[in-house]
Amino acid sequence: MGLNDSSPGAMRNGRGLSDQWAESVVVRPRTTERHITVHKRLVLGFALSILTLIIVTAVVQPWRNSRLPGSVRPRHYDLRLAVYMDNFTFSGEVSIELECINATRFIVLHADRLEVDRVTVTAEGGVGGRPSNRPGGGVMRIHRHFPFPANQMYVVALHREMKPMRVYRLNVSFDAAIEDELLGFFRSSYTMQRERRYLAVTQFSPIHARKAFPCFDEPVYKATFSLTLRHDPQYTSLSNMPVESSSLSDEDGWLTNHFARTPRMSTYYLAWAVCNFTYRETQTDSGVTIRLYARPDAILSGAGDYALHITKRLLGFYQDYFKVQYSLPKLDLLAVPKHPYAAMENWGLSVFVEQKILLDADVSSSSYQMELTMVVVHEICHQWFGDLVTPVWWEDVWLKEGFAHFFEYVGTDFLFPKWNMEKQRFLTDVLHEVMLLDGLSSSHPISQEVEQATDIDRVFDWIAYKKGAALIRMLANVMGQPLFQKGLNDYLLSHMYSNAARDDLWRKLSQAMRSEGRDIDIGEMMDRWTLQMGYPVVTISKNQSEQLPTYYITVSQEHFLYGEEVRKNNSLQWQVPLTVAVGNTSAVCSESLIWINNKTETHRIGQMDDSTWLVGNINQTGYFRVNYDLQNWKLLIQQLHTNPQIISVGNRAGLIDDAFNLARAGYLPQGVPLQLIGYLPEETSFLPWHAASRALYQLDKLLDRTDEYRLFSDYVLKQVASRYHQMGWPTNGPGTEGNVLQASYQTEELQRELIMLACSFGNKQCHRQAVAYISDWISSNKNRIPPNIRDIVYCTGVSLMDEDVWEFIWMKFHSSNAVSEKKILLEALTCSDNTFLLNRLLNLSLTSDLVPEQDVIDVIIHVGRNPQGRNLAWRYFREKWDILNARYGEALFMNSKLISGVTEFLNTERELNELKEFILSSGVGAGPALPRALEIVEGNVRWHRLHRRQFYQWLRKPPSTTFG
């Protein structure tokens with residue numbers, strides 16, 4: 001059909017022609033179908049030409065790809081560095097033994113911010129070290145060598161091709177700066193006896209080894225490393241392996257340390273440090289030397305002894321659990337004043353920020369000691385999951401981080417069985433926390449594609465760590481511990497000193513299951529959980545139909561999402577291992593396992609009647625939420641009010657968390673969770689109180705600026721009052737505090753939780769006690785506040801008392817040497833109701849060195865959590881975004897943590913619009929954090945619009961009324 005009609009009816013494929021185009025069409029000769037075909041072929045040919053050009057360019061110029069070409073592989077690095085601490089520079093020479101895989105003229109490797117001086121390439125012979133009899137051995141002529149900064153690569157172009165199955169040697173000399181930005185080879189400092197001292201240390205994960213030496217900086221390019229460090233003899237140098245030999249130069253007196261050759265490992269696990277630290281030492285039964293290096297005064301005070309002690313025990317625990325020996329002759333723990341993360345698991349030289357490894361038993365709370373313990377447990381686990389067996393690529397970073405996070409709880413239970421971490425704290429601190437994030441439509445699958453180097457940072461988030469841990473825990477419970485351990489042992493032995501992907505793990509775990517006659521395809525089951533985002537809400541209903549007897553239940557699954565408007569047309573399904581138990585007022589039957597594979601299923605469950613209740617996901621081992629029909633919720637709430645102990649402590653915490661989140665997302669009436677927590681005065685266990693307080697603090701930040709806020713705070717205080725008064729405050733007798741090893745850990749934590757709730761929500765007696773403690777400290781200059789509640793008392797005192805108290809805390813922050821004490825003193829300063837003081841603190845944190853660099857983000861976030869400081873922190877964050885992004889943009893977690901911390905409690909239309917404007921003007925460089933922040937704030941605003949009225953309506957009614 002011709003295109004010569006310019007009338008409104010001239011439409012093709014739904015598109016109208018513009019007048020201008022239509023006029024030009026009128027004067028054109030008629031276009032035949034043959035011409036159209038020719039045009040199509042021309043267009044197709046042009047497109048294929050462009051595609052071919054792109055492919056040819058990528059082949060001819062492989063450095064234009066974001067990934068290394070793979071034509072050559074490193075086998076061994078000989079790295080020699082001279083470190084100049086007087087001007088913070090270093091020079092180096094690296095000699096890399098290469099194996100040619102595919103014929104190529106190009107050696108493409110990574111280098112970033114390095115001044116390359118000299119490059120040579122030599123042909124060395126055949127693979128396996130055989131000398132080459134072929135002509136053309138020896139020096140290879142280099143056509144040119146040049147950096148390609150867009151991909152942080154360096155290219156060596158040769159005159160002739162390198163041949164497959166041949167070995168070559170690349171030599172590069174270079175110079176670089178010891179940076180001040182916490183990545184690559186960076187410097188840090190501390191003050192001792194009023195003298196500033198410096199140290200230099202590496203942080204190479206995930207892609208920063210290239211900042212310190214030219215290398216093949218992708219995890220799959222494992223090689224061995226021989227390192228030599230030359231430096232001023234007043235310093236000590238450390239690396240992954242022990243020092244093999246040392247010598248002093250006759251010319252300049254400098255020290256040269258040659259370190260032993262490493263096993264095969266990825267570049268980002270290579271590490272070294274130059275410092276003037278001292279150490280404490282211990283040794284395992286198998287002869288592994290463990291040292292903890294730190295500031296001399298910290299070592300002298302014994303602040304590193306606790307971490308050293310538990311590391312020795314943990315090496316033995318992991319060797320027994322995995323049935324694989326620790327691979328290196330030594331393990332050093334290095335405590336540095338400044339680091340971008342809590343710690344880094346470099347093989348044989350794990351680096352920790354001081355706050356996460358140094359412990360002053362006299363002033364540290366049990367929660368601080370617990371946190372420190374778990375960081376150490378996490379990093380030691382990485383010596384197997386990460387160092388020994390490394391994920392092939394960053395899309396499966398959860399294979400190491402998920403395991404290390406899961407074993408934080410398993411390993412801590414080994415050290416302190418009475419803490420009961422894996423069955424209790426895991427629920428509130430991992431499962432409940434990550435489900436908040438993973439219930440957003442802006443979430444992502446745990447395994448996600450990573451192409452560009454800039455994409456790598458975004459995979460290091462709580463989805464990788466916490467969801468990874470939760471899925472591993474679910475899988476361990478499905479398999480049972482013996483088979484789970486058997487599968488892990490086989491996985492580690494099969495891939496040690498190499499790389500693995502998720503399918504390798506699934507294969508070994510499936511083999512372990514089949515060895516016991518259980519034919520479950522772990523890969524098929526787990527792909528649903530790892531390749532799909534989010535998780536299901538499983539709804540269990542007692543059957544009401546006349547066709548089926550009452551001992552049948554209907555179970556349905558759907559993708560849980562907080563945004564009601566994004567739930568339509570959702571087709572995601574999971575293979576759900578649902579455990580169910582039936583109970584009544586006096587007993588609960590044993591659990592049964594049901595596999596849910598479809599959207600809706602009917603299952604026989606056992607005899608039930610009108611007074612029988614159901615509870616699903618026993619002890620919350622599964623990664624999903626459970627909802628029930630309203631009658632079952634009513635029976636469960638009655639059970640909790642009459643005899644809560646019938647339901648396990650894990651399920652009591654789970655019911656609280658599920659009910660609050662189902663209500664927030666609109667799956668349940670707002671009154672259900674409020675009526676449920678009415679049983680808390682009868683609750684004697686820490687975990688349900690902890691689950692409730694987490695949910696209540698979320699609501700508190702949503703409501704703390706509303707006119708009817710007192711209705712909510714009074715209701716919370718009513719639930720807290722009797723148990724708070726019964727538990728009282730801790731005594732501070734000699735030897736009773738700072739000793740986390742005592743059996744009363746759970747009681748101590750419950751007491752702390754109740755004091756925190758009482759003071760936060762305005763209990764007058766709690767306020768008086770906190771003020772009395774602070775006043776006594778100021779008047780006597782002796783701190784008698786029990787360490788376990790110091791953070792609560794400091795914050796409460798600063799918020800209620802005058803400016804002099806703020807100045808007193810500020811002074812103590814500067815004079816304290818205990819890292820745990822400095823942390824809570826700094827956080828207490830953010831609790832003031834005085835906006836002038838808050839503003840002063842914000843400005844000091846960013847523009848002076850009075851606040852440690854890694855604590856600046858925490859200051860801004862904590863000011864934002866203060867209702868009086870929320871607008872202040874939000875405005876400050878926007879005004880200083882360019883500075884903050886420049887300083888922390890490359891550090892994993894930091895930008896994301898800052899953005900979520902400052903925005904998560906914004907909840908008005910005005911604040912939402914401000915956030916949208918900010919994203920439009922400054923969204924570049926923040927990765928997924930800003931879209932996630934936007935969805936959370938939209939959810940906050942939506943909750944106010946849809947649910948706040950119903951929420952307050954229920955609070956105004958007598959508690960005995962229905963859900964409403």
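In case you wondered, yes, glycine gets a Cβ from its N, Cα and C as well.
Note: TrEMBL annotation is automatic and uncurated.
These features come from TrEMBL:
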type	residues	note
ACT_SITE	Glu379	active site, proton acceptor
BINDING	His378, His382, Glu401	Zn(2+) binding site
DOMAIN	74-269	domain 'Aminopeptidase N-like N-terminal'
DOMAIN	306-529	domain 'Peptidase M1 membrane alanine aminopeptidase'
DOMAIN	613-935	domain 'ERAP1-like C-terminal'
SITE	Tyr465	site 'Transition state stabilizer'
TRANSMEM	42-63	transmembrane segment
Same chain, 6+ residues apart, C-beta under 8 Å of the C-beta of Glu401 (Zn(2+) binding site), given in sequence order: Phe460, Ala464, Tyr465, Gly468
Other residues, Cβ within 8 Å of His378, His382, Glu401 Cβ centroid (Zn(2+) site): Glu345, Glu379, Cys381, Phe385, Gly386, Lys400, Phe403, Ala404, His405, Phe407, Glu408, Tyr465
Sparsest Cβ surroundings (other CB atoms within 10 Å) among the binding-site residues His378, His382: His382
Cβ neighbours of Glu379 (active site, proton acceptor) where a neighbour is any other Cβ within 10 Å: 26
CB contacts for Tyr465 (site 'Transition state stabilizer') [other CB atoms within 10 A, all chains]: 24
The domain 'Aminopeptidase N-like N-terminal' (74-269) [mean pLDDT, rounded to integer]: 93
